[in-house]
Amino acid sequence: MFPGARILATLTLALHLLHGAHAAIGPAGNMYIVNEDVSPDGFARSAVVARSVPATDPTPATASIPGVLVQGNKGDNFQLNVVNQLSDTTMLKTTSIHWHGFFQAGSSWADGPAFVTQCPVASGDSFLYNFNVPDQAGTFWYHSHLSTQYCDGLRGPFVVYDPSDPHLSLYDIDNADTVITLEDWYHIVAPQNAAIPTPDSTLINGKGRYAGGPTSPLAIINVESNKRYRFRLVSMSCDPNFTFSIDGHSLLVIEADAVNIVPITVDSIQIFAGQRYSFVLTANQAVDNYWIRANPNLGSTGFVGGINSAILRYAGATEDDPTTTSSTSTPLLETNLVPLENPGAPGPPVPGGADININLAMAFDFTTFELTINGVPFLPPTAPVLLQILSGASTAASLLPSGSIYELEANKVVEISMPALAVGGPHPFHLHGHTFDVIRSAGSTTYNFDTPARRDVVNTGTGANDNVTIRFVTDNPGPWFLHCHIDWHLEIGLAVVFAEDVTSISAPPAAWDDLCPIYNALSDNDKGGIVPS
């Protein structure tokens, strides 16, 4: 980046920081992983959270749910030092952080999924995630990638601003206050909860209510008349998908999973776990309060008593709950997401025409209570896949876990088909290290090779004829996880690893080498997640 552009980028980020009310870190800084007592929906419990101040400091006035915002600019080098200060043995005490949506080109060791690219970080230790973001911008997030730890609270938004954003003329305001996070929340800590539990509530920007619970404060998003806001919607869900809308307002969608798209106007968005959208809202309605709605597909649905809701408040409106009603007729369809730049899938425009074609048949084993892909559940290996590769293993046959590793050669077009056969769908599948082109979407029987949606999380659908199909090019060496982003499903096996161009994988820093010996020496008490007998 030339000096003038770097100065502009720095000023841009400073303005975002200045106008955003929320604490933020980045592109360098300490992220403290601590246990904090929280009550985001009126129910008090301990949680695992990410914040900008250590455990020894006073608890922030605002609970650390969601976690601290990380932000920077396109072209930045991110140096995020994760400091583990966890002490509550009822939840996991070790941790590992995934920076969702980043390619990690040349830094697969920093991708974060435990036992795929690293061993977890022990309590009392720290680990520096150091990675470059030369050519990505948009809306991302981060979360624990160790077992189901992020369901206990360790998740937060991550925004990379682009001073040369091609959509810049469409909005006036884009800062920390225009980030909208959606979370499912549980009153029982994950290690003690059911294998696939039902959420107790929905949190919007860390606040919500549960059915039959107290009238807890809801998140308020403030706007001024006639201004245009770029809202960044992030689903940090462990399970449900949400149907999102704002009463009386249309949503001009301009980004999906950090990919700029041809703008499209809708009035509702179905968003699955791990997905992100940016939309522009023009505050052109009467000065009033308007309901923001995020209706989950499971748990307590609807909006009675203010559940699954937040408030859009115009400057000058009374501080009251809205009385507005919902009327939506134009939902966002994935098949209408057209990339703004370089649309089109790689490879010949025929199904099965890629260099490598893989069918992933998902199923549920009622005997073992495991979800499988091609008959095999993903069981985390003792040694991370990356460590195995660096130690000399290079073929699918020699890598563990057996049956869950798929070796991919460099510079090949890969086509993955995922028929919707497994129970518990729709399954939102996320591929690490890449975006992909969705040449066949859920609910569609046609293939689109010319203008397919490009993203990093895709819903596999539930229809008997659904066969979601994606394509990508193997241009990024590393062991890349492909998994269901319903965290409870990942925990019982719904994942595979693509060992891509293994001979070109970059070596990790020396501190990475220390993670496994430290972790392997820990006692069960040090690892946490102890379930009372």
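Cβ from N, Cα, C; glycine included.
Of the cysteines listed (Cys119, Cys238), Swiss-Prot assigns Cys238 as the disulfide partner of Cys151. With His100, His143 listed by Swiss-Prot as binding Cu cation 2, the candidate from His485, His489 annotated for that site turns out to be His485. For the Cu cation 4 site, Swiss-Prot gives Cys484, His489; the one candidate out of His167, His187, His249, His427 that the record lists there too is His427. Here the candidates are Asn241, Asn467, and Swiss-Prot annotates Asn467 as N-linked glycosylation site. In sequence order, Leu371, His427, Pro428, Phe429, His430, Leu490, Leu494, Ala495 are the residues of the chain that are 6 or more apart from Cys484 (Cu cation 4 binding site) and have a CB within less than 8 Å of its CB. Highlighted in sequence order, His98, Asp111, Gly112, Pro113, Val116, His430, Phe481, Leu482, Leu490, Ala495 have their Cβ within 8 Å of the centre of the Cβ atoms of His145, His432, His483, the residues recorded for Cu cation 3, and are not part of that set. For the Cu cation 4 site, the Cβ centre of His427, Cys484, His489 serves as reference, and the other residues of the chain with Cβ at most 8 Å from it are Met362, Leu371, Ala422, Gly424, Gly425, Pro428, Phe429, Thr460, His483, His485, Ile486, Leu490, Leu494.
Counting every protein chain shown, 26 other Cβ atoms lie within 10 Å of the Cβ of His100 (Cu cation 2 binding site). If you take the C-beta of His489 (Cu cation 4 binding site) and look for same-chain residues 6 or more apart in sequence within under 8 angstroms, you find Ile196, Leu371, Gly424, His427.
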